[in-house]
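Colleague: According to TrEMBL, the record shows the following:
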type     : residues                                                               : note
DOMAIN   : 32-302                                                                 : domain 'Gcp-like'
BINDING  : His111, His115, Tyr132, Asp296                                         : divalent metal cation binding site
BINDING  : Tyr132, Val133, Ser134, Gly135, Gly136, Asp164, Gly179, Glu183, Asn268 : substrate binding site
REGION   : 324-421                                                                : region 'Disordered'
COMPBIAS : 370-384                                                                : compositional bias 'Polar residues'
Amino acid sequence: MPAVTVLGLEGSANKVGAGLVRDGRVLSNPRRTFVPAPGQGFLPGQTARHHRGCVLAVLREALQEAGLEPADVDCVAYTKGPGMGAPLVTVAVVARTLAQLWNKPLLGVNHCVGHIEMGRLITGAQNPTVLYVSGGNTQVIAYSERRYRIFGETIDIAVGNCLDRFARVLKISNDPSPGYNIEQMAKKGQKLVELPYTVKGMDVSFSGILSHIEEVAHKMLASGECTPEDLCFSLQETLFAMLVEITERAMAHCGSQEALVVGGVGCNMRLQEMMRIMCAERGAKLFATDERFCIDNGAMIAQAGWEMFRTGQVTQLEDSWITQSAGRWGPPSGRGRAQQALAAHGTQASKSPWQRQRGQLRVQRRQHQYQPPAQQGHDPSSQAGPGMLHHRWRKNPGFQAKPAAPPTGSRRSGHPAGCPG
């Protein structure tokens, strides 16, 4: 079979990239990042304007770095969604134009699947349980019986969005990214500030911890109770402990011996360290990549497009729309939008029996009436209560942080902080 070379164009958020992949080998992968001022996020219109201004330069750089001409490209893949509408449209217009000018097939790629396929390509993971963490997505995924199955996810905002919005509270720089700067500040933190810890079965919630830290951060800093570095350290430890907990449960449920971390937050070294400790205790292996492939890039779209193209899939011009929502990827059904997000190139996301049971009991849990049933092989100490770190990190002798006084309440509901009500 002749070699297949795919051009991938990515632009679902604040990064625009072009990558070339030939039969599993990354030939080039340049990108540009829109960096707003400290204390601000990136707006769709401003981000799209940035992408329009540099996408052709990035494309030219990718071709030159790979030493290829347009005639050497076999197909053009682009991010179809999910993502931000205006930036997605910018890249889709370029992809459609190139496909027609060069007379090449066009492929619309699911952004989430692109992250997973790139992670598998770079690390060599065979059948991992995937922790997908980024600015717009937080999901625990496994592939079984020809389908990507979502075992857990955020029920509100993504972990990366939580970190980004916290960075705005402290006016942390967005260059090169808020998450990276929080990670560096967290390394200097000495005190663990107790924050809401919300794990609901296989799902997590980050909006409560964000609301709480937005409310108390400036008061604690003004009183000298903690430093900005302490808050960065505490937020990272709490968020990542929640993610490790639900990933470990999914691995136990699937009998998996491999874990793969993908997405922009996945290049955080502290998250990788915590995941590596968990995997080592289970006799499993962790796979992770660095910022070249964790963060949004064109090569991951090219790789997912390559997988699609070799199975004969092509996106017709009239079907080359984009979608901000994950729900457009699947047919109308009772599944949630996140479950439909991975229904790309012939696969569908579906709920496991464990997830269905969790969904049925969610309402009772919110009313504080549900007591988790005892499950075979389940360690009760892993059910961390509100405002508590997962037992593994509380007992870790490597951390001598002193917890602060527990928060007194939630701004939104009046319930104790961290309470799922």
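Note: Cβ is positioned from N, Cα and C throughout, glycine not excepted.
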Colleague: Within the domain 'Gcp-like' (32-302) only, compute the mean pLDDT.
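Modeller: Summarising the domain 'Gcp-like' (32-302) by its mean pLDDT gives 96.
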Colleague: Within 10 angstroms of the C-beta of Gly136 (substrate binding site), what count of other C-beta atoms is obtained when all protein chains are considered?
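Modeller: Step by step: centre on the Cβ of Gly136 (substrate binding site), count other Cβ atoms within 10 Å, giving 20.
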Colleague: Cβ atoms within 10 Å, counted per site: which of His111, His115 has the most, among these binding-site residues?
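Modeller: The most densely surrounded of these binding-site residues is His115.
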Colleague: Of the binding-site residues Ser134, Gly136, Gly179, Asn268, which one sits closest to Asp296 (divalent metal cation binding site) when you measure Cα to Cα?
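Modeller: Answer for the nearest of the binding-site residues: Ser134.
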Colleague: Ser134 (substrate binding site) to His115 (divalent metal cation binding site): how many Å between their Cα atoms?
Modeller: 10
Colleague: Can you give me the Cα-Cα distance between His111 (divalent metal cation binding site) and Gly136 (substrate binding site) in Å, rounded to a whole number?
Modeller: 11
Colleague: I need the CA-to-CA distance for Gly136 (substrate binding site) versus His115 (divalent metal cation binding site), whole Å please.
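Modeller: A Cα-Cα distance of 13 Å.
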Colleague: List the same-chain residues at least 6 positions away in sequence whose Cβ sits under 8 Å from the Cβ of Gly179 (substrate binding site), in sequence order, or say none.
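Modeller: Residues satisfying the criterion: Gly160, Leu163, Asp164, Ala167, Gly264, Val265, Asn268.
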Colleague: What other residues of the same chain, not counting His111, His115, Tyr132, Asp296, have a CB atom within 8 A of the CB centroid of the divalent metal cation site?
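Modeller: Apart from the listed residues, the neighbours are Ser12, Cys112, Gly114, Ile116, Ser134, Asn137, Val262, Gly263, Gly264, Met300.
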Colleague: Report, as a single number, how many Cβ atoms besides its own are within 10 Å of the Cβ of Ser134 (substrate binding site).
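Modeller: Its Cβ shell of radius 10 Å holds 25 other Cβ atoms.
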Colleague: With the substrate site defined by the record as Tyr132, Val133, Ser134, Gly135, Gly136, Asp164, Gly179, Glu183, Asn268, how many Å span the farthest pair of C-alpha atoms?
Modeller: 18
Colleague: Counting only residues 6+ away in sequence within the same chain, which have a CB under 8 Å from the CB of Tyr132 (divalent metal cation binding site)?
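Modeller: Set apart from Tyr132 (divalent metal cation binding site) by at least 6 residues yet with Cβ under 8 Å, we have Cys112, His115, Ile116, Thr138, Gln139, Val140, Ile141, Val262, Gly263, Gly266.
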Colleague: Applying a 10 Å Cβ distance cut-off over all chains shown, what neighbour count does Asp296 (divalent metal cation binding site) have?
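Modeller: Excluding its own Cβ, Asp296 (divalent metal cation binding site) sees 27 Cβ atoms within 10 Å.
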